[in-house]
Amino acid sequence: MFSRKKPEPAKRRQHDLSQFGLTEIPDDFDPSAGYGEDDGGDSDLEAELAAITGGEGAKPKPKPKAKLLPASDLDKMIADSLRDVSDDDDDDNLESDPDLLGELSGIGGLEEAEEEEPVAQPPAASEEPVQTFLPTTTVDTLSIIKQRLEMYKQAEANAKTAGDSGKARRFGRGLKTLKDLHRQAAAGKSINVDDIPPEVSVKPIGGQAPPVPAEESPAPSTPASPPPVPSRAAPDPPTPGTPVEPTTSVAPTSPPNPLVTQMRSRQTDYKAAALQSKRSGDISTALQFLKVVKQFDVVIKMCEDGQEVDLSDMPPPPAEFLEFLKKMQEEAAAEAVAEPTAAPEPTPVAPAPVLAAATNMLEALQQRLEKYQSVEAAAKAENNSGKARRFGRIVKQYEDAIKLYKAGKPVPYDELPVPPGFGPLPTADAAPVAPTPSLPTSPTSPPPTASTSAGGTPSSSSATTPTAPRKAPSPPKPKELTTRTSGNQQKNNIAEQQMKLLLERQKEFKLAAIEAKKAGEIDQAKEYLKIFKGFDSLLNAASSGLPVDLSTLPVPPSQRDNLEASFAIVSAEECDPTDDICEIGVRMEEQLAKQLMMCKNTRDHHKAMGDVAGMNRFENLALTVQKDLDLVRYSKRKNEPLPKFHYEKRSFNIVHCNTDLTDSELEIVVVRGISYNVANPKDVDTYVRVEFPLLNDESFKTKTNVIRDTSSPDYDERFKVDIQRTNRQFQRIFKRHGVKFEIYSRGGFLRSDTLIGTVNVKLQPLETKCEIHDTYDLMDGRKQVGGKLEVKIRVRNPILTKQMEHITEKWLVLDA
């Protein structure tokens, strides 16, 4: 019950030996019996069996006597069997073997299958020897498949025209089968004739029979003329004993083209020469012959399509080809040497089309996108998936750039690759750049000629292959130098003017930085270089169509030097007012000088903060005030009437910042003590202990120096503490805690120090202010003990927000 199941013996699979290329051997095969003796064996055995059993059996039929050969034929066969057959004769016969030639042409002569060496067999002892064929595709099978392909194509077209969808689908399936068989036959594989779809009746669409030439019989039993031999198979015609199936021709057969016949004959010679060279081991020569064979296919197709072909350049026979190729290479080398001295004639190759000049950025991006899209399509047509994916990514980059440009957003132009033959992308101040004409790339190159050498480098002329004559290109018409601009596009719009101004101003700072570096002013050069880099963001915004506030632009270096050197030393006589006009002029000059000083100080403050926009705004304002001040001084010096002026109320938002500190520093300044309440005010020695809370119950502790013999000491000592303004725990310290100051009186000999008072300063104001500066009463617990302590606590910027101050000034402005 629980015993293991006995393993079944492995069954021997019955294989059909015919699929391995062997003849199927029957099960009752007797190797001891002779051929042709099976017919009489059964009757003899039956007669013998009847005699043994006592019955009278029928008399056996007499065996036919074997036909004896004459003695002369027997001697001839023996002599032939003893004769040695040379291998050269077999190789000569194999040069025109259609099977081997088809196989060599099918794989391009580079990856040929392992050849089977023919075995010399003695002639059979019969008058008619049986010819054996290798299981490869013959010329007749390939031609039959091609004829059936034409039949089924025409039949499918007729069925579709007649509206018979059932027939069209049936013919389509047969056409697909024929295409698969044709592909296998071209590769040299074995084709079963029974698998070829049968012939179909092809009739013209109009219902009338096609005209039949007078010399041909209309009977269907008459075999049609054999079709032209394809370039992949051997050109030898089929043997007379091989029957050709009759086909129904759609159109009357046209007489063969003598040019095609001549080229096919020469192509056949080159095929045989390539096969012979390969067998002899000369691979390079075989490759050259195969290249010529492939180039013959191109020219034959051109001739069959009705194009004009010049046979004066057809390669010579294979025996003379190597000398001819060597001569052509020498001529090409001579022409290459003579090329710099003699101006060559223009080649008949049509020049590449010159694209129109791009008038704006969008058009330039579109041109480059179309270029990469064409290269991607060519790569897909060549089945080059790697190249197609690579150029597909570039196409996606350009599509995203065009979307960003249309949306008015900044576009990373420096990340976009430039296709060959195209110049840089146009800018606002540069003229439109047209892509330079480049040589045609490989997808658009003309078909290869037979002048290709063994190494793959083409010769200078196409004298080795018959090619179609090309027409000389017509001279290009002169293009207009001006580019038409659409009506809704303004050439000098605001965005382009801003771009031009920004580029000019950036160039000035670049030159100023170079000059400052040459003069040895490294700090000044660094400052100019920072301003030069700051223009990049403005240029990106302007190129994307965003408006730019030109009032925030930095003043050019030349005007800045004039602004710095605007102050002049005047004498007392020049400042004495002589009358009311001089008095008004002096007041105006003082007011303008005050305004100028305020602008320069605020400019320096914003510069130290790193606020470039604020610095540029006040610098431009200072430049305007400087011009007004110069005009007033000039009028006074020349005794001319003063210019008209008026006062305005101007508001300024000033950002307070302690620029001498960093963001991670807090400065504690113990300034002075005021009137300490002590017993000996003139002899007391005091100092201050400082305690600042830190994280994890730690604290920063320090003390000042001892100031002797005064109750109002000036300490003026500064201490810096490292803080972490982005840490939330540290922010809670500023909200809840404070700095503790303890004022001590120094004790005498063997006496300890005495606490005078304590001051606690809250840090919460530093959340919105950058400085705390005040005097605080000295406390003992909650009781004042008398005296005060002046303390200052500073940070670079407030902890939470920036400290803004709104200032309104009475501003003197000269009328234009």
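Here the Cβ of each residue, glycine as well, is placed from N, Cα and C on the backbone.
The region 'Disordered' annotation in Swiss-Prot covers 1-135 (among others).
Annotation comment: Swiss-Prot describes 1-11 (among others) as compositional bias 'Basic and acidic residues'.
As annotated by Swiss-Prot, compositional bias 'Acidic residues' applies to 25-47 (among others).
Summarising the annotation, Swiss-Prot assigns compositional bias 'Basic and acidic residues' to 73-85 (among others).
Feature annotation from Swiss-Prot assigns compositional bias 'Acidic residues' to 86-100 (among others).
The compositional bias 'Low complexity' annotation in Swiss-Prot covers 122-131 (among others).
For 145-200, the entry in Swiss-Prot reads region 'DM14 1', with the evidence type a curator's inference. Helix first, then strand, then coil: DSSP counts for the region 'DM14 1' (145-200) stand at 43 helix, 0 strand, 13 coil.
Per Swiss-Prot, the feature region 'Disordered' maps to 157-176 (among others).
The annotation region 'Disordered' is assigned in Swiss-Prot to 186-269 (among others).
Sequence annotations record features per position, and here Swiss-Prot assigns compositional bias 'Pro residues' to 220-243 (among others).
Taken as a whole, the region 'DM14 2' (265-317) shows an average pLDDT of 81 in this prediction. Taken from Swiss-Prot, the feature region 'DM14 2' applies to 265-317, supported by a curator's inference.
The coiled coil annotation in Swiss-Prot covers 355-382.
The region 'DM14 3' annotation in Swiss-Prot covers 365-419, and the record cites a curator's inference as its basis.
Per Swiss-Prot, region 'Disordered' is recorded for 418-492 (among others).
Swiss-Prot lists 424-433 (among others) with the feature compositional bias 'Low complexity'.
Under the heading compositional bias 'Pro residues', Swiss-Prot lists 434-449 (among others).
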Going by DSSP, how much of the region 'DM14 2' (265-317) is helix, how much is strand and how much is coil, in residues?
41 helix, 0 strand, 12 coil
For the domain 'C2' (637-776), how many residues does DSSP put in helix, in strand and in coil?
14 helix, 68 strand, 58 coil
